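Novice: The structure follows.
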């Protein structure tokens, strides 16, 4: 495998034991038996790249703070909510966008090249699978690297929007207090108050990241497409997800209905544990590179 030489960032990774050789053998057998493997990844695959998740015990955002992610309805309804969101996002973007894929992302990219991986669905919005080179992939919840207008649908790169922010706020400065999983940071209301947010360059509408916020739903078209890819597959591997969010969990339920073998690689319990064929409690970036 071609893998990153950089050592993993374990700040946001829960403690766990090294992979058990027996478990490595079981996962090896599972992957070897798969001809059309369907893989679903979650935040736990990106924690080793230094991006925190929400739910991990002790180190996730929910465990460390009382902060909660922005809700879709609030973002659409409230100009001050949008101002707060974009001010935090503006400060956090340089660091968030600089995160690089870790060994787990690169292994899945290699499996695709070798024809082992039929389709990859990620619940993450960090673009790390794209940076790794994965192509047979669906970003279930979108991607923070793209922005679109809620009124006319015009799209732009998030990096381009950063330049608009800088032009509108030449003297605005804020120091961040901790980073959140979706790329924003913690700022005080006082810091946010004078931050200016650009409107759509074409119609003056509201700009929003191309991301499914909490309280919003994944499009039926995308759900149908993923179900089609799952129908073509012969097994399912879940990597780095507790599958607490229904938008991803529904595909595990569909796999169970089709009687597909399901392997789960995640530190801590998941919603699939009672019906998975195989459950492994290891770091994705430590275990996946051992599979050939």
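Using the three backbone atoms N, Cα and C, a Cβ is placed for every residue, glycine included.
The model shown is predicted, which means the values in this text are computed figures rather than measured ones.
Here TrEMBL flags 17-292 as domain 'Deacetylase sirtuin-type'. Annotation comment: TrEMBL describes 141 as active site, proton acceptor. The Zn(2+) binding site annotation in TrEMBL covers 149, 152, 200, 203.
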Novice: As a test of the contact definition, list every same-chain residue at least 6 positions from residue 152 (Zn(2+) binding site) whose Cβ is closer than 8 Å to its Cβ.
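Specialist: When sequence neighbours closer than 6 are ignored, residue 152 (Zn(2+) binding site) has 200, 202, 203, 205 within Cβ distance under 8 Å.
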Novice: Count, for each of the binding-site residues 149, 200, 203, the other C-beta atoms lying within 10 angstroms of its own C-beta, and report the residue with the smallest count.
Specialist: 203
Novice: Measuring Cα to Cα, how many angstrom lie between the residue listed as 'active site, proton acceptor' and residue 149 (Zn(2+) binding site)?
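Specialist: Spelling it out, the Cα of the residue listed as 'active site, proton acceptor' and the Cα of residue 149 (Zn(2+) binding site) are 17 Å apart.
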Novice: To test your reading of the Zn(2+) site: which residues beyond 149, 152, 200, 203, same chain only, put their Cβ within 8 Å of the Cβ centroid of those residues?
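Specialist: Along the chain, the qualifying residues are 150, 151, 153, 154, 199, 201, 202, 204, 205.
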Novice: Hey, what's the Cβ neighbour count for residue 141 (active site, proton acceptor) at 10 Å?
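Specialist: For residue 141 (active site, proton acceptor), the 10 Å Cβ neighbour count is 22.
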Novice: Which whole number is the mean pLDDT over the domain 'Deacetylase sirtuin-type' (17-292)?
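Specialist: Looking only at the domain 'Deacetylase sirtuin-type' (17-292), pLDDT averages out to 90.
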